[in-house]
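If you look up TrEMBL, you'll see 94-157, 158-214 marked as domain 'CBS'. What TrEMBL lists as transmembrane segment is 242-260, 272-293, 314-337, 343-373, 385-408.
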């Protein structure tokens, strides 16, 4: 007996697909507002053309009654109600019903006849063979089905105990598992082996790519809901709070410079090099931060010695600081020498060593801050850059002005 379950349909009509693409480009709140007056059936058809995770985001933003109406109007092959019971960022949010599930013992001829009508309206990649309890026994590729003896059972041509994903697995965990298994479709099974759906490889990789790309925005206060098509007011609401917090941290760095106001007044050329030290050490820290965040996202920290990673970033920052600081020191010496100032060589050396120290601290901070924030339950991608920028500014400017005050004045 063959059981045909609705799932991935053939590509939607171009106009409907284009409308769905434009709608998905909006931020979630704006997209839901745009759909507010549309019939539930029309909304369901539009959401069905979107990636599953994006459709679930829009459904979650809708009022309960509206959400229930849209889910009830879902076209064949879409089961948002089932996918929403899984946590956000999990494989379960991306699952779709498989196009054809066949009972163990089904003859190849029966399967082919059953699929004749299905393939006209459905995208069929694999056939799943299950037992009476819906536990997955094997998978049959469409090509193997066509070349198989018609009288044989699917059990004789299927690949037994195929690789499966768990619906509750986080996307990053799933990506690590499939990185060496490039299949167009992956079965999704519960711990007891019951087949609950499938995930298309394209959808899985697209969603993970979106999650990683959102990190760059999170580091500078751009919400992952903001899109190019977001309204001016929406973008302002997303970005302004982060800028206000960042403004408070900038005042900390400004207070350090204010503390050494007398030093800057007496050696005015120092003001020229303060942005140089702050910018270079900040960039060095951001490099370490980016590598650490990428490693955390891809789960590369498991089995690695954290102490060795942090030490490497500190040493790397020191080396980079000596190179860039040496160049900045030569520039300092040249500027002071041209002005017939005293202590040109000493100021050049101070610039170099202050840069090396600041970049060392920046590398150390870029590697440790996200680890500390994650330990306390905060989002490393969102909060790390604020702490890193403040620390590098304070250390670079404070060490530079402090050394000048101590050794020159």
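Note that Cβ sites are derived from N, Cα and C of the backbone, with glycine treated the same way.
Annotations in TrEMBL come from automatic prediction, not curation.
Ranked by Cβ pairs under 8 Å to the transmembrane segment (343-373), the stretches 242-260, 272-293, 385-408 are led by 272-293.
Sequence-remote contacts of a segment are chain residues at least 6 beyond its ends whose Cβ falls under 8 Å from one of its Cβ atoms, and for the transmembrane segment (242-260) they are 220-221, 274, 278, 386-387, 389-390, 393-394, 397-398, 401-402, 405.
Same-chain neighbours of the transmembrane segment (385-408): 219-220, 242, 245-246, 249-250, 252-253, 256-257, 260, 263-264, 267, 270, 273-274, 277-278, 280-282, 284-286, 289, 343, 346-347, 350-351, 353-355, 357-358, 361-362, 365-366, 369, 373, counting only residues six or more beyond its ends whose CB sits under 8 Å from a CB of the stretch.
Taken together, the residues of the domain 'CBS' (158-214) have an average pLDDT of 85.
Beyond the ends of the transmembrane segment (272-293), by six or more residues, the same chain brings 215, 219, 253, 257, 309, 313, 316-317, 320-321, 324-325, 328, 331-332, 335, 351, 354-355, 358-359, 361-367, 369-371, 380-381, 384-385, 388-389, 391-393, 395-397, 400-401 to within a C-beta distance below 8 angstroms of the stretch.
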